[in-house]
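Summarising the annotation, Swiss-Prot assigns active site, nucleophile to Cys50 and lists sequence analysis as the type of evidence. Annotation source Swiss-Prot lists substrate binding site at Thr49, Cys50, Asn51, Arg52, Ser109, Glu114, Gln115, Gln116, Gln120, citing sequence analysis. According to Swiss-Prot, the feature NADP(+) binding site maps to Gly191, Ala192, Gly193, Ala194, Met195, Ala196, an assignment based on sequence analysis. Taken from Swiss-Prot, the feature site 'Important for activity' covers His99.
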Amino acid sequence: MSVLVVGMSHQSAPVALLEKLSMDETVQNDTCRAMVSAGSLSEAMIISTCNRLEVYTVTNSFHSGVQDVVHNLAEVSGVEEEKLRSYLYVRYADAAAEHLMMVTSGLDSMVVGEQQIIGQVRTAYQFASEQGTVGPRIHALAQSALRTGKRVHSETEIDEAGSSMVSFAFDQALSRMGREDLAGKRVLILGAGAMASLAATHAGRLGAHLIIANRTIARAERVAQHAHEAGVYADVIDFSERAQALRDVDVAISATGAQGFTITAADVERYHVADRELMLVDLSLPRDIDDAVAEAEGVDLINIERLNNSLQAADTDLAAGTSPHAQARRIVSEELESYASEQRVRDVVPAVSALRKRAANLVQCEVARMEQKHPELDERQMGDINRALKRVADKLLHEPTVRAKQLAANSGTVSHETALQELFGLQLEGSGVAVDMAELPDAAQMEAAENTKEEKDA
């Protein structure tokens, strides 16, 4: 039995499809119960946000488990299974655990380091627990993931990563525009999520006049209201008017993750005024703005992929492994190793229990046989024999029981011969040679030694 995650996010699927799979609490609970009623699934937890839909289950069969999850998602969303499969990703066993830890830490978010996802994972766990679809494996994974997320946010500065990206985008844009601020400039913001809100805040601080557009106008109005409260002038326009707005703005920033482009080359060709400089900034993955827009005269484009490359190239902390992102990845690795070790030990417990139960049954059988064969033995004598046999069985099994858990905790694999020696602490003459892998020469050392030998032979 292993943990399986089947899901999609802003990185793998268009927003329109994510919206079809989005689940409220009732649908989430019903779907969890439907999942565990499938023959291959025994536990289920669903994380549903505006940028992500992920189903965490425990399965006894990888392929059947994936099929059952996809079938249930198709039933709930009304989207054909074949279409779902083209956007879904699958992680299994330790890879599934690592994925949830990355998600909970904010390392897989559109705005890296955002903390809201911790609460969303906790809520998903609570919903599933209340429905009785959480068992020991998802419980252990959820607790490990939540602990990982807390560590990442308390021990690193990953919280600032998203704002750093937006800040860097503005630095790059201002540098190309030859300006120090945006005073007197009009900035179009497309989107109303975390990244778009950060962009609006930053543009406002630089003195820009904001124009906000979002598919849901109420969300655009909330962003504008926050700007007003900060003393920044902001208008709201209908999302369908975004292309026309290119006539009057100096900068357009898109952070929607929408299906298809929010700004196309045709939009720029039709509405951009040739003698007016236009800076376009794409903060979305997948991309919001068509790369072809940069071919138009007077138009410049910055996108998040180029920003990431430039930011990493300039980040000496990242190169040294001391950046918040690198530190966060190390924490995830530590927690994953701890979780995986605990799970391997937990997996061996049933076998150890079965071994002890078998030994106890053998003791009982031998005591019964002795009692039948020697009726002259009184109750005290039979008690002594029973206790003696139990002590022998306990002592014989103690070392292999302890060593079995130690071997399970170690992720390395061992041969059957080595396993027997390790379990029972056996020292067999001539059975093998103990080798410390750390003492073996690496490929470069072996090649150097071979070259030296050839020189001597020559």
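Backbone N, Cα and C define each Cβ position, glycine as well.
The distance from the Cα of Gln115 (substrate binding site) to the Cα of Ala194 (NADP(+) binding site) comes to 11 Å. Following the DSSP three-state reduction, the secondary structure of Ser109 (substrate binding site) is coil.
Residue annotation for substrate gives Thr49, Cys50, Asn51, Arg52, Ser109, Glu114, Gln115, Gln116, Gln120. The furthest Cα pair among them is separated by 15 Å. Gln115 (substrate binding site) falls within neither a helix nor a strand when secondary structure is assigned with DSSP, and so counts as coil. For the binding-site residues listed here (Ala192, Ala194, Ala196), the lowest count of other CB atoms within 10 A around the CB belongs to Ala194. Recorded residues Gln120 (substrate binding site) and Cys50 (active site, nucleophile) have their alpha carbons 11 Å apart, per Cα-Cα distance. The least crowded of the binding-site residues Gly191, Gly193, judged by other CB atoms within 10 A of its own CB, is Gly193. When secondary structure is read from DSSP and collapsed to three states, Met195 (NADP(+) binding site) falls in the helix class. The candidate set comprises the recorded positions Cys50, Met195. Of these, Met195 has the most other Cβ atoms within 10 Å. Figure note: comparing Cβ neighbours within 10 Å for the binding-site residues Thr49, Asn51, Ser109, Gln115, the maximum is reached by Ser109.
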